[in-house]
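Q: What follows is a single structure, and I will ask about it in a moment.
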Amino acid sequence: MGSSSRLRIPILVFGLLLCFIILVPCCFSDNPNKSDNGDENNQNKNNVKEIVDEGQFIEVKSAPEDVVWVVQLSDLHFSVHHPERAQDFKSIVGPTLSMINPSLVLMTGDLTDGKSKDLLTTKQDKEEWIEYQNIMEDVVRRSGLNKSIFHDLRGNHDNFGVSSFGGPSDFFSRYSLNGQLGRNGPVDSIIIQTGERKLLFAGIDTTSSSGLRGPTNFFGHPTDELLSQLSSALRKWDSQSAEPITKISFGHFPLSFSAASSSGNTLEDVFLLHSLSAYICGHLHTKFGKNLKRRHESIHPLYPHKMIQFNANTIPSDNRKDCSDGLTSVEEFWEWEMGDWRKSRAMRILAIDRGHISFIDIDYKLGAKNTIILPTFPLDSRFMAASYHKHNCDSMDLSLYETIRVLVFSASPIVSVVARIYDSRPGYLLEVVETSLRKLESTSSRGDLYCAPWNFKAFEDPSPERYLLQIEAIDNLGRSTLSELRPFSINGLHAKLSWSWKEFILMGCHWAALYFPIFWSFYFLVLSTILVPKILLFFSRRHYSYKHYIANRGFVNCLAWIFTELYNIPILWGCLVAYLFYLILCPWLFGQVFTDGKERGYMTYKGWVLKPSKNGNLEFLGFPDIMVVVLPHLFFVVLPAIVVIGGLAAERGRYRDYLLSLSGKKKEENQSEIRGYAPSSDGRHNRSQFLSSERWTRNILLVVSLAICWVHFKSCRVLMKAYEMNPIIHFPLYSLLIPLMLAYTIYKTGNI
């Protein structure tokens, strides 16, 4: 996942910071490489144009009509320490692109890794960028595609330690495809023109203009200027064209890890305002889940503050109406994170068939594929937009429904394509339809589209998951390829798309909005827990002890006893209170955040500060990226340490009362011996056993203390390497205070 290496935690948020923003007209040089794929690829090249101030213009004239497909790759992470990533990319991607022949190739960030072998130091590596440049030149050559249809953009790994765009360590500007082709603006606009409609692709670079070193470089930081340019690009053709427009945006950061601008505006606001169909991105790798997808709506009463969403589809399909019930218009768009090339070797093909979007994510871990199948109709009911069914409720275009449509890409000639529809209602998959598909023939074709008529009305059903479609393609060598089973709904209802707990944390929570509520809730809860009982016990006339708790069991009496024991060590209590105030009033770290220069900054819970601004105010960088340091420290070090300190103090009081009770019994035994009574040997044995086992609670707490210190020292080691710090000089309070408080507690509670 992005930049957090060993400090990773599935909790992250909010941000700021300006990046360079002047939309520079894209200038493309002609590609001298000749195509090996025949006239259709040359046709593709001849219709790539540049329109000043409007971005790239690609005209698609050849068949299949009104069908366009593009390829997305993300999180390549080319690394000098892992050469196999680039080698696999070189051997697989070029030939695969030649087979697919897309109209556009999008690479959505993290092109290089920018990490040391131990994953603790982050900075740009020129060798990795030269390798990326060479690999991409080879991929373009082997694919036979026009170089200008390749678009790449920055990810957070491509921005580690880059103090400014165009600076000495900004290798993206020199070695990336966009950099070489002069696409230097934060918004990269591409228009694909078919015979029936326009397809608008808007790429966005939301990396911070001041790229901090990791791990505090994890969020996208769109500025107001970027949002303004994006808004202009998305509405550019609304009034200039009578043709329908399908709008798609691509970037690196998911919206859950994108901060708001300084004025509080977000990418989601812009996307909803301009009727975006889909936003495709990377950043979150496949190991965190394969359902990192989310549907956004403009109106939803359950999530008024956009902080949290509990399911990918927003509203359960049971609560949705179909077209006959009269749907009201709701602005919406899908967000589809695609996974990574780094370990998963993932590639996505996105098809737009008559304005409706389908996609397939392909896993190349086992090598190249001979055949790829992408059904474009009927749409997958898990990922279709509600507008698919409600666009024209009164006059529905039946041509959208009348045929099953499938794109088939193959390295060998295809001899048979068969569609099968299964009914899942019986509790097993019952095949109800099997039909052969025919390829649409054309004198000039960019790819193979197979179609077959079907009786779509027979599959109207209130359940969006009842019917499933599967396609089988057989090539001339007899090799069979099956597509995945896809649910579909003629009624326009959404199938359920469930999130695992990790997927919910990553996609369902808007961490930019949640960081401060989480931080301040934690802070005031812990501070009040330590201070309020002190005040109450000061005015209370009762003496709370272990004996009192045993005699009057209850949660309140238990807490009163624990805090009484804690307050009996006044130095320790004072250190805890002082440490909590230190967390909000003082710098945590003094570190080197950029690769260029030796200037150090300091980090607080609000972000990094390098130097005061011209008006004397502090300018915080890396907010809310610093939460990858702040929240783990609070929840995995500070909170457990406070609990253990309270537990050790309480155990001390309990053991003290036990020893006092033994002392009282000893007196009674002595008096009994004087009177001639002999003490019971069994009683002495039982007391001896009880005494030997009485401090097991303390031993357990000591082990937990060691675990807390181990976690803390590992975190400190990461920060030392990441920001070139000495724990004694650059962050003594952060690194030493918690271990010292635990050591002092262990010492004080060991003496009765």
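Here the Cβ of each residue, glycine as well, is placed from N, Cα and C on the backbone.
Sharing the features that TrEMBL gives for it:
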DOMAIN    70-286  domain 'Calcineurin-like phosphoesterase'
DOMAIN    368-493  domain 'TMEM62 Ig-like'
DOMAIN    517-732  domain 'TMEM62 C-terminal'
SIGNAL    1-29  signal peptide
TRANSMEM  514-539  transmembrane segment
TRANSMEM  571-590  transmembrane segment
TRANSMEM  626-650  transmembrane segment
TRANSMEM  696-713  transmembrane segment
TRANSMEM  728-747  transmembrane segment
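Mind mapping these onto the model and telling me what they sit next to?
A: Within the model, the domain 'TMEM62 Ig-like' (368-493) shows a mean pLDDT value of 89, rounded to a whole number.
Outside the transmembrane segment (571-590), and at least 6 residues removed from its termini, the chain residues within Cβ reach (under 8 Å) are 523, 526-527, 530-531, 534, 600-605, 609, 629, 634, 638, 642, 645, 649, 719, 723, 725, 729-731, 733-734, 737-738, 741, 744-745, 748.
Using a Cβ-Cβ cut-off under 8 Å and counting only residues 6 or more beyond its ends in the same chain, the transmembrane segment (626-650) has close neighbours at 3-4, 7-9, 11-13, 215-216, 218, 511, 515, 518-519, 522-523, 526, 530, 546, 561-563, 565-566, 568-569, 572, 576, 579, 583, 588-589, 603, 605-608, 697-698, 701, 704-705, 708, 711-712, 715, 719, 734, 738, 741-742, 745-746, 749.
Within the same chain, residues 633, 636-637, 640-641, 644, 647-648, 651, 654-655, 735, 738-739, 742, 746, 749 sit at least 6 positions outside the transmembrane segment (696-713) and bring their C-beta atoms closer than 8 Å to a C-beta of that stretch.
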